[in-house]
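Asks: Please see the structure below; I have some questions.
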Amino acid sequence: MNYAVVIPAAGQGKRMQAGHNKQFLVLEERPLIIHTASVFEQDPWCKEIIVVANASEIYDMEELFKEWGIRKVKQVVVGGNERQNSVHEGLKCLIPEHQVVLVHDGARPFVEQADIHRLVEQAEQTGAAVLGTKMKDTVKRTDGEKVLETIDRSSLWAVQTPQAFQAAVVTEAYDYAAAHQIIGTDDTSLVEYMGRPVKIVEGSYDNIKLTTPEDMVVARAILQKRREGKR
Ligand code: CTP
Ligand code: MG
């Protein structure tokens, strides 16, 4: 099996309050984007990485990939205003011969190879698949003040990235969304808009997105756990 991955990293990282794009935040000596890109650099199924960045950060990212030996990055391209626009720009750069295409947030450094492989196999069969975890919290729908209902948790999943697609499906979904001015909440939702099936693949609670400063504490704990596990 083989796949290509588009990594959107063209955000501002506002909620992280680091004063700069969180992709450059250093965790155990390596910048966040290098942690994330390394997962794919080391996966033999991954044949090509496209990174989407802010125009002013392209040079710095390219230098980081050279410095850290990330050789599968074929291009660092300029993103757009919304994440979906950034992903679309990345998809346009892919060479067409990959079986499966993944989209994975630059801000999710802890995804594991075994989960990626199960996801890729499912996407190849179904057309589209997404990693997720079962909800731990009880979820209530409210009007802002009053509780309207308690939703049956057994059917609820929190979705993550990577989100994976047969190559033809992802191009069609993003072109369809652009033509109909649809902004989806995640990548596979664009496939849902076309009425096509999307499968959920159970992933790990460690595959967090680093969004707010508290997430950095969890990130350091995950890295420490992995270091100790290796000893
Ligand atoms: N992203 C992107 N292009 C955008 C917005 C986001 O490529 N226009 C990327 C981010 O760099 C990140 C991923 O999409 O890797 C998920 O987005 P999020 O966690 O929201 O990151 P930011 O948008 O950078 O953070 P914030 O919303 O707090 O500003
Ligand atoms: Mg954002």
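Backbone N, Cα and C define each Cβ position, glycine as well.
The site 'Transition state stabilizer' annotation in TrEMBL covers Arg15, Lys22. The site 'Positions MEP for the nucleophilic attack' annotation in TrEMBL covers Arg153, Lys209.
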Asks: Is any of the recorded sites Lys22, Arg153, Lys209 within 10 Å of Arg15 (site 'Transition state stabilizer') (Cα-Cα), and if so, which, in sequence order?
Replies: Lys22
Asks: Express the distance between the Cα positions of Arg153 (site 'Positions MEP for the nucleophilic attack') and Lys22 (site 'Transition state stabilizer') as a whole number of Å.
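Replies: Here the two Cα atoms are 32 Å apart.
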Asks: Round to a whole number and give the Cα-to-Cα distance in Å for the pair Lys209 (site 'Positions MEP for the nucleophilic attack') and Lys22 (site 'Transition state stabilizer').
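Replies: So the alpha carbons of Lys209 (site 'Positions MEP for the nucleophilic attack') and Lys22 (site 'Transition state stabilizer') sit roughly 11 Å from each other.
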Asks: Out of the recorded sites I have (Arg15, Lys22, Arg153), which ones have their Cβ sitting under 6 Å from ligand 2?
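Replies: Near ligand 2: none of them.
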Asks: Looking at Cβ-Cβ distances, which residues of the chain lie under 8 angstroms from Lys22 (site 'Transition state stabilizer') while being 6 or more apart from it?
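Replies: The list for Lys22 (site 'Transition state stabilizer') reads Gly11, Gly13, Met16, Leu32, Ala107, Leu210, given in order along the sequence.
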Asks: For Arg15 (site 'Transition state stabilizer'), what is the tally of other C-beta atoms lying within 10 angstroms of its C-beta?
Replies: 13
Asks: Starting from the Cβ of Arg153 (site 'Positions MEP for the nucleophilic attack'), draw a 10 Å sphere and report how many other Cβ atoms land inside it.
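Replies: Summing over all protein chains shown, Arg153 (site 'Positions MEP for the nucleophilic attack') has 13 other Cβ atoms within 10 Å.
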Asks: Measure the Cβ-based neighbour count of Lys209 (site 'Positions MEP for the nucleophilic attack'), defined as the other Cβ atoms within 10 Å of its Cβ.
Replies: 14
Asks: For Arg153 (site 'Positions MEP for the nucleophilic attack'), name the DSSP secondary structure in the helix/strand/coil scheme.
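Replies: It is helical.
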